[in-house]
Amino acid sequence: MTNIRKTHPLMKILNNAFIDLPTPSSISSWWNFGSLLGLCLIMQILTGLFLAMHYTPDTSTAFSSVAHICRDVNYGWFIRYLHANGASMFFICLYAHIGRGLYYGSYMFQETWNIGVLLLLTVMATAFVGYVLPWGQMSFWGATVITNLLSAIPYIGTTLVEWIWGGFSVDKATLTRFFAFHFILPFIITALAAVHLLFLHETGSNNPTGIPSNMDMIPFHPYYTIKDILGALLLILTLLALTLFTPDLLGDPDNYTPANPLSTPAHIKPEWYFLFAYAILRSIPNKLGGVLALLLSILILIFIPMLQTSKQRSMMFRPFSQLLFWTLIADLLTLTWIGGQPVEHPYIIVGQLASILYFLLILVLMPTVGLIENKLLKW
């Protein structure tokens, strides 16, 4: 008798995606982050659902409803901090996943890559509107500063900002709609993730060498299911350690002060995972220029497949490209540090140099080095 998992219409889909899926035998732990992102998404949706049961999206009660969750709801503090730190784990996995794609040339699967960039933008939007919900000082001022950037768009800017705010400032209407967005977006992310997987399974996974591995495939289960379970346990362990020992390590103390439109915090800054983009935004002394640089810092990922000049897909056998890749990582860490610093000397000039280097590496240096490596190999 044929196995039910191979014949049942629904089981067949799951079987082909997670059980009998032919997978390259050589993929390393860098390929774990896809499944970890799926786990993060499930955890965020579940903790978020329980938080939404007790949260009130109203300016007069939002802050106290979060305090109520932490004080009065059974394990409410735990759910709240799991959700807040879960977002940080989500972005750590996301950046590692993108870094893996850049290093091993996974971006050559163009449909999968483009859906991935769309997923990144959607996750960033979700995190941004979510950060506004506790209605602390940084929530309010973060929302004001970031939405205000749209006013840099010529002609329609001001109208657009007021339309998003639902009034002439960030207020009740803004909070309500941001809650609605924060609730719906994770489900859009889930749908996009399914499409991401669909396109990936059309081509099969890449591997560290970047060479087609059709002649050396193994079934996903049990080999990679057990490997993914190990990754999941490490992720959960890290998240629990963060949540139970230092829940506020990655947060901002200003967000424990209720939102006050009459008092501006000394340093307005987003959560750590947006600091690199915030540093690029601040490094240009022009509003529209800064907004364009901010957008381009993320959207540049779309152009990476077009900037591939090397005849080798992966960086595994390309030491010069590896050097530039790790320089890019160091540059992004520098930008992250600068984004959290006040706007004064020497941080301004360091931020500007790091921003220039970021675009220079991706648009000029990496493609050029790819060509040089081809020459060295006489290709």
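Glycine residues also receive a Cβ, built from the backbone N, Cα and C atoms like all the rest.
Swiss-Prot has this to say about the protein:
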TRANSMEM  33-53  transmembrane segment
TRANSMEM  77-98  transmembrane segment
BINDING   His83, His182  heme b b562 binding site
BINDING   His97, His196  heme b b566 binding site
TRANSMEM  113-133  transmembrane segment
TRANSMEM  178-198  transmembrane segment
BINDING   His201  ubiquinone binding site
TRANSMEM  226-246  transmembrane segment
TRANSMEM  288-308  transmembrane segment
TRANSMEM  320-340  transmembrane segment
TRANSMEM  347-367  transmembrane segment
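Through the fold, the transmembrane segment (77-98) approaches residues 30, 33-34, 36-37, 40-41, 43-44, 47-48, 50-51, 66, 69-71, 116, 120, 123, 127, 130, 235, 238-239, 242-243, 247, 250-251, 271-273, 301 of its own chain, all at least 6 residues removed from its boundaries and within a Cβ separation under 8 Å.
Within the same chain, residues 99, 102-103, 269-270, 272, 274-280, 282, 310, 347, 350-351, 354-355, 357-358, 361-362, 365-366, 369-370, 372-373 sit at least 6 positions outside the transmembrane segment (320-340) and bring their C-beta atoms closer than 8 Å to a C-beta of that stretch.
The stretches the transmembrane segment (226-246) and the transmembrane segment (33-53) are in mutual contact, each linked to the other by at least three Cβ pairs under 8 Å (pairs 6 or more apart in sequence).
A sphere of 10 angstroms centred on the C-beta of the residue listed as 'ubiquinone binding site' encloses 14 other C-beta atoms.
Counting only the Cα atoms, the space from the residue listed as 'ubiquinone binding site' to His182 (heme b b562 binding site) is about 29 angstrom. Using a Cβ-Cβ cut-off under 8 Å and counting only residues 6 or more beyond its ends in the same chain, the transmembrane segment (113-133) has close neighbours at 55, 57, 62, 66, 87, 90-91, 94, 98, 101, 106-107, 139-140, 142-143, 146, 174-175, 178-179, 181-182, 185-186, 188-189, 192-193, 195-196, 199, 270-271, 273-274, 298-299, 301-302, 304-305.
Listed in sequence order, Gln44, Thr47, Gly48, Leu51 are the same-chain residues six or more apart from His83 (heme b b562 binding site) with CB atoms under 8 A from its CB. Geometry remark: His196 (heme b b566 binding site) versus His182 (heme b b562 binding site), CA distance 21 Å. Taking the Cβ of His97 (heme b b566 binding site) as centre and 10 Å as the limit, one finds 21 other Cβ atoms among all the protein chains shown. Around the Cβ of His182 (heme b b562 binding site), 22 further Cβ atoms fall within 10 Å across all displayed protein chains.
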